[in-house]
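Structure first, commentary second.
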Amino acid sequence: MAAAAAKAAVVLPRPVTFVTGNAKKLEEVKAIIGNSIPFKSLKLDLPELQGEPEDISKEKARLAALQVDGPVLVEDTCLCFNALKGLPGPYIKWFLEKLGHEGLNNLLMAYEDKSAYALCAFSFSRGPGAEPLTFLGKTPGKIVPARGPTDFGWDPVFQPDGYDQTYAEMAKEEKNKISHRYKSLALVKSHFKEAGYVFQTDDGTI
């Protein structure tokens, strides 16, 4: 029985490639994943895609797997304003670059509803040709005037429900227990644990 299970195991090159060029994002992923998934980071030039978050994340995983020729993990992050029916959503990066933190607040100036949610979509592909699996994490909150350090995206303007601090004001350990990224990665970790992947090195499997 054990031999049959071993034969059925999916063998992956070690480590998995996490595609990012963002040092802060990499720092958070390392803190959340720990040693549970062997991975390395790599910055790739992937096309900027449009569509729904899950579709964008999956397509990025397909493209990255082709470039890396191996297993990859990619992430797409959204900040969605309920008053704007989900915008900026996956386009938050460009909204932030053009408008800044104050501009993001100004988008909601005419609305009483300041509620929003942070959404993280991690997609994992075992390699070229494999259908990516996507894991979604969502944290509800609201948009507030910027507070805290301004060195990590829109963190200063997002205050999660149940807290009086913005993401930027929170201790890293606290944020990493409740964030959209944490929730998505918790599902990734569960998948890897359940799948029982075997990682292969040049010297054989471990």
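Each residue, glycine too, has its Cβ placed from N, Cα and C.
Some features that Swiss-Prot has for this protein:
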type	residues	note
BINDING	20-25, Lys60, 76-77, Lys93, 152-155, Lys175, 180-181	ITP binding site
BINDING	Glu48	Mg(2+) binding site
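Proximity to Glu48 (Mg(2+) binding site), defined by a C-alpha to C-alpha distance within 10 angstroms, is shown by none of the binding-site residues Thr20, Ala23, Lys93, Trp154, His180. DSSP classifies Glu48 (Mg(2+) binding site) as coil under the three-state reduction. The least crowded of the binding-site residues Lys60, Lys93, His180, judged by other CB atoms within 10 A of its own CB, is Lys93. Counting other Cβ atoms within 10 Å of each Cβ, the lowest count among the binding-site residues Thr20, Ala23, Trp154 belongs to Ala23.
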